[in-house]
């Protein structure tokens with residue numbers, strides 16, 4: 001333990017508690033964003049009470065006289081907390097202590113910044129010249145041109161000069177600068193920017209404002225730079241104290257984000273005696289300096305000032321928790337997490353489940369022993385002050401509200417916005433007559449055959465339109481698929497491939513998933529101590545695809561949570577005083593192995609994998625992938641697997657579309673193409689559904705088998721819309737409906753075929769018992785009833801089941817199939833539930 005005073009003069013280690021007395025996570029007023037941002041050329045109104053002396057400046061001149069530290073102050077006060085001040089209210093690398101009490105630099109104060117002084121100004125503790133850095137930045141901004149520009153473009157304005165003019169035109173506040181461009185133009189400037197981001201970015205802002213004022217002196221907004229795309233991306237588990245106060249870039253997945261926290265920037269006080277309002281007081285390092293007396297000369301009452309909230313100026317702040325992505329976790333390791341601080345425009349740029357790449361400044365902050373104690377712990381907390389956020393992987397699809405047909409407030413996703421050349425290429429690709437086949441061949445090309453399964457998965461990627469009616473009824477547009485089959489039939493490989501493509505995709509295993517792990521659970525926030533709701537796999541997969549392996553090994557409590565998710569697409573929570581309904585608009589892709597590790601074709605799907613019928617009926621497509629021995633098929637499969645190990649294995653897929661093009665194609669279609677049913681397609685859907693229902697009628701019999709349910713026609717609509725999306729068509733046509741019926745029949749013939757009759761029977765999916773099996777059981781029960789009425793008296797002697805079986809064989813005129821003892825037991829159980837018989841062990845008695 002150490003007190004604030006004992007650590008205040010240290011020259012090594014993390015920032016001193018004098019500059020950082022509380023966590024920005026625990027105290028909303030202690031963020032670097034709390035430092036004041038002034039408009040260019042204006043000065044704040046001075047207060048009339050004493051302020052504490054500023055800490056040492058970041059900049060020191062060569063003659064050891066304390067020079068101005070305007071660039072550092074500008075960065076900390078002028079960036080709204082995005083890259084400037086550092087968490088916990090200032091502080092930072094002890095080699096570069098900073099001052100935030102000095103006025104913000106104005107681009108008009110060139111001489112004070114050292115621009116015209118003969119004595120160079122250096123960053124304190126380094127040999128970095130402020131004048132040299134400013135000159136290098138100015139040269140880069142004015143003269144940088146991309147390498148692909150030809151000689152005719154050499155006389156045009158540079159890349160970032162064009163960006164500045166666009167920002168002025170749209171009255172923006174940010175200019176994104178690619179760090180690779182800085183390195184290509186001036187590697188030394190890049191190294192200084194990464195090592196001393198606070199100082200260099202502050203000078204960057206000054207240069208930008210100088211250029212902006214040269215172009216348009218009436219422009220009042222403070223334009224700032226946002227750096228992204230560093231040359232090296234740091235792993236979360238490799239962060240160490242040497243990275244503190246340096247610019248870093250790392251990738252991860254958002255697992256929790258706080259609500260928007262209002263952070264005060266300027267405070268206004270009012271005297272309770274005379275009603276006098278003070279001038280705005282700048283919040284310094286998260287502290288509000290309350291006037292000890294009324295500032296009005298006629299009043300001067302002590303301790304009479306109170307904060308007036310509606311006259312204060314606030315800014316947005318958000319705390320985000322970032323977790324390592326699964327591909328970065330080493331063998332046997334657990335994922336690491338780090339806290340992010342987002343301010344102003346970066347707030348709500350990411351949602352839980354998003355995979356992002358963050359560029360920011362790694363900061364350290366002290367932790368007090370208690371809220372009322374100035375003593376601090378010797379262990380510091382770390383976090384990242386964010387400068388820039390972008391989507392991490394271009395190989396994943398976008399997840400920006402792709403299926404809501406009535407969502408007019410859709411956000412712009414930069415990753416799906418295409419240039420004219422790529423859009424023209426996609427338009428040409430969509431008009432090819434074999435685009436459907438090419439897309440299916442491009443999906444998991446290393447997996448041999450399974451063409452119909454791949455086409456079903458392709459429809460799941462494109463998805464249908466979610467329909468929200470004015471009456472409040474909602475119809476989902478997500479397609480759910482279940483893969484059932486023998487081990488070694490590429491089920492898990494297909495899941496892994498779809499997981500890599502899907503937006504916000506979560507991959508989980510049924511054996512390792514609990515009910516709360518899939519939906520949501522209540523936990524205690526380690527930073528604030530509050531009870532918060534943590535999102536589970538299905539909620540994190542909102543607008544994406546949740547892949548569940550080993551679906552048959554999931555616990556009953558976990559499976560029961562899927563009923564609401566797969567149809568209503570919400571998760572209802574009522575725990576620990578938290579009552580909420582969370583969105584889980586996700587497609588579910590699950591795979592299951594049959595019990596006994598081998599599929600028994602004589603049993604139904606439900607009997608093979610022991611899943612409840614109510615859950616199984618919510619899947620749009622159920623595919624059986626069986627391992628049937630066949631010499632010709634086995635030879636072709638072996639050749640395909642062996643060919644994958646050759647160097648030129650990819651050359652065999654000449655017509656396949658590469659994964660980057662495929663994901664961008666699917667993302668664009670999901671976001672921009674919303675097909676509607678044409679009259680011809682609607683008539684075909686109606687006619688086809690009626691034909692499916694007619695298939696359950698048998699000539700000469702009054703019994704009918706259910707071969708389709710209303711859920712099937714909803715599945716057909718979703719499949720038809722997905723097929724139209726593949727062609728970039730605004731209308732669903734008849735051939736889309738025909739292909740949707742074919743895909744549904746293929747899946748139903750595999751999973752819903754009654755092997756006793758050879759016909760499709762949806763009762764196998766909905767109830768687990770086919771209509772023919774139910775009729776057979778009814779016949780058994782009727783025969784046993786007749787025998788009991790003939791041979792047994794009410795309350796009389798009992799009969800053994802073996803005797804009953806012999807009687808059935810003698811009097812079984814209506815029974816055309818072989819009779820087994822387990823069939824007799826099922827029929828007796830049916831009669832016992834009706835109260836006609838009582839079963840006592842191996843005997844039955846009439847009651």
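The backbone N, Cα and C atoms fix where each Cβ goes, and this holds for glycine too.
What Swiss-Prot records for this protein:
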type    : residues                               : note
REGION  : 1-123                                  : region 'Disordered'
ZN_FING : 271-299                                : zinc finger
DOMAIN  : 435-641                                : domain 'MCM'
BINDING : 485, 486, 487, 488, 489, 490, 491, 492 : ATP binding site
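Features as recorded by Swiss-Prot, highlighted on the structure.
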residue : record           : contacts (Cβ under 8 Å, 6+ apart)
485     : ATP binding site : 491, 591, 593, 594, 599, 623, 624, 625, 626, 627
486     : ATP binding site : 593, 594, 597, 598, 599, 625, 626, 627
487     : ATP binding site : 593, 597, 627
488     : ATP binding site : 627
489     : ATP binding site : 625, 626, 627
490     : ATP binding site : 444, 447, 450, 625
492     : ATP binding site : 549, 591
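Residue 491 (ATP binding site): 24 other CB atoms within 10 A of its CB, across all protein chains. Listed in chain order, the residues near the ATP site other than 485, 486, 487, 488, 489, 490, 491, 492 are 591, 593, 625, 627, each with its Cβ within 8 Å of the site Cβ centroid. In the three-state DSSP scheme, residue 485 (ATP binding site) falls into the strand class. Mapped onto DSSP classes, the zinc finger (271-299) shows 0 helix, 7 strand, 22 coil.
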